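Only one structure is covered here, and it is reproduced in the block below.
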Amino acid sequence: MFNHKKYEKKYFLPPNLTYDWVKNETLESAPIWCSVDLRDGNQALPIPMNLEEKLEMFQLLVEIGFKEIEIAFPAASDTEFRLLRTLIDHHMIPDDVTIMVITQAREHIIRRTFEAIKGVPKAIVHLYNSTSEAQRRQVFKKTKDEVKQMAMDGAILVKELAEKTESDIYFQYSPESFPGTEVDYALDICNSVLDIWKPTPNHKAIINIPTTVEYSMPHIFASQIEYIHKNLSYRDSVTLSVHPHNDRGSGVSDAEFGVLAGAERVEGTLFGIGERTGNVDLITLAMNMYSQGYDPKLNFNNLEAIRKQYEKLTNITVHERQPYSGEMVFTAFSGSHQDAISKGMKYRKEHHVDKWDVPYIPVDPVDLGRNYQTDVIRINSQSGKGGIGYILETNYGIQLPYQMNEAMGYEAKKVSDQSNRELSVEEIYHVFEKQYVDFHPHFQLLDYQFHKGEKQEVTLTLLRDHQQIDIQGTGTGSLDAISNALKAYFHLEYDLEVYEQNSLGKDSQAKACAQIGISHQGKMHWGAGIDKDIIEATVKALVVAVNRLEVWM
């Protein structure tokens, strides 16, 4: 039974609710990015990555530019423990990368964690325990003070073990299930942990606030972060971090608003992989910054290759509409969208525009390793003349007159509608070729000869009904003479309204494409001709146009 009354708000507002953060317009500098793909992302996979796959994933994250990478919960499995030992023993961690390990606030797990990182040059030890009202009551059956003591005991042991190692250990604490925790209570636990660790500006601790399960709208989360930010002890010695999940679909907004409210670090995954609806997608966050003209400090200039590698390693398919990453995020099928994109691209080329500002495309696909020819405009029954003309021009160099573009669009859409599918670039050209280049249902031109005289004279050799016939005509020029010959023989009346031609290449051997439009009783009929000789191409175009008029009549 669909019953909304069984639910109620589970979040807690901070004691002093402020919205100072809304005065900050946008993210102008990149936060510290921490990838949690190898642990938080991996635990959500139906088939977790094996050791070799995790090593490949680690290398991918390093190449993208992550400087903090969560590696493992080393007490959770032998694979996670071995991953750490492999990275450390084989010196696979770059000097500018800090790895992170995660541990519950339980003694045997903490000790196992330090065994796993023995010999590492530097690492973040991430301590957490759940603090929400529901978990205190239902899971732990402990009071607030008892749950806080769990965190403090864990913090004491972490500090003791860190002092016994030669590694440079940084501390991180997370009040897990923060969205269901009283905000002032979460702050109290964080400050109690910091009192034990006593961080300094030169050796900061991290306080990480997770939306373990998203309960509120993002502006509420931002106000909670603002309260933590303003009241956190040792503030100049603490990096405030957020770890958003996406249960309400607001993970990206939670992260962006959280940073505006005072957070300096974001934990998440590529493509938002994670439990339930996933972690926040760090690609979306980074590219949102990039699209506003700010450097996200992560490199996604070959995002399609990254996506394919990620899919191979995780056996998870990235949704085709995933922001920035999906296969179809730059694709326009709509006719009006295609027309605007086509004109925008043409304007950009003609005016040598430096800043990116093409309708319907927020970032240049080329920046992400995509291309205009196959990724931007694709044709189905919803498409229009602009998109089809754009495809013919960018792939084949054919520049159709505006009205012919419209007619060609109708022909292509008709084929797509009848087959109930998208048309490939090659299929679109085939439609053009069939309807406007090789269209000779009534007659074909076999040959023509021009003769000198007061006016231009021509003899055409046609093939009609399997018979070869010769016809003559005169005119003020070559095209006019051929047109008059066809008019007289077929008893036609039409006006030659449009004649355009363009080269299909830049060298001397390039072919030309001629387009001709003739009108009869207000209706246009089109033909195209392609040949190395422009006269030949023009004659071919006129012959097709007359054939189409004959069919119409």
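Cβ from N, Cα, C; glycine included.
The model shown is predicted, which means the values in this text are computed figures rather than measured ones.
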Of the candidates Asp20, Asp40, Asp495, which one does Swiss-Prot list alongside His243, His245, Asn279 as binding Mg(2+)?
Asp40
Applying a 10 Å Cβ distance cut-off over all chains shown, what neighbour count does Asp40 (Mg(2+) binding site) have?
23
Starting from each candidate's C-beta and looking 10 angstroms out, tell me which of the binding-site residues His243, His245 has the most other C-beta atoms.
His243
What does DSSP give as the helix, strand and coil breakdown of the region 'Regulatory domain' (439-553)?
32 helix, 53 strand, 30 coil
Around the Mg(2+) site formed by Asp40, His243, His245, Asn279, which additional residues qualify by having Cβ within 8 Å of the site's Cβ center?
Val36, Pro210, Thr211, Thr212, Pro244, Glu267, Gly268, Thr269, Gly274, Glu275, Gly278, Val280
